[in-house]
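Please read the structure below before turning to the comments.
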């Protein structure tokens, strides 16, 4: 199947942009708000364990807040999916608006609210994205968990080269593209944080606005054709 045969939100470019957002959010929360990851909860669990092992209890609450917020954010997104499943409105469109609203609020509150509140809100946003966007070209996909993506890309590359499996080779290219996009998101925030500090969140905000515009235009083009 051609990429355009898939819904807009399952196309590689769209998924790569989502992954760039995820990388940007993790880099932003780590650099600007207490070395806590917005979406990478494996990292938060590791850091939580390290601080507990060192009996450094002052920061434990920050990691727990992010982990719990991610769980709550997943449940909120799941509830929204059930609420909208029999309606004509696009779930992906609503989730992106929800994520955008959270990020805009965080950006303008970055110097006013404590880090624990900021990272909690960012974890809510990251969880919603992970819950809603889980496929690229019909195949399972995650914009957050790069360890699984690296395993998938490596296994697909092996199958593509060893067995001349063109489908596996294509999947390897797609997954390595996703991995690179995550790094690009982190790189952009790293660069802009030197200039904009807390306002470096403008990077994922601009990308989300682009994705919302893409979905809007795709939806209206489809309606026009029918």
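Residue positions begin at 1 at the first shown residue.
Quick reminder: no glycine exception, Cβ is built from N, Cα and C everywhere.
Owing to the predicted nature of the structure, the values given are computational and were not obtained by experimental measurement.
Copied over from TrEMBL:
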TRANSMEM  12-31  transmembrane segment
TRANSMEM  60-80  transmembrane segment
TRANSMEM  92-110  transmembrane segment
TRANSMEM  172-189  transmembrane segment
TRANSMEM  195-216  transmembrane segment
Positions whose Cβ lies under 8 angstroms from the transmembrane segment (172-189), at least six residues beyond its ends: 12, 15-17, 19-28, 31, 136-137, 141, 143, 146, 149-150, 152-154, 156-157, 160, 200-201, 203-204, 207
Within-chain partners of the transmembrane segment (92-110) [C-beta distance under 8 Å, separation at least 6 from its ends]: 9, 21, 32-33, 77, 80, 84, 117-118, 121-122, 124-125, 128-129, 131-133, 197-199, 201-202, 204-205, 208-209, 211-212, 215-216, 219
Distant-in-sequence neighbours of the transmembrane segment (195-216), which means Cβ under 8 A and at least six residues beyond its ends: 8-9, 14, 17-18, 20-21, 24-25, 28, 31-32, 90, 92-93, 96-97, 99-100, 103-104, 106-107, 110-111, 185, 188-189
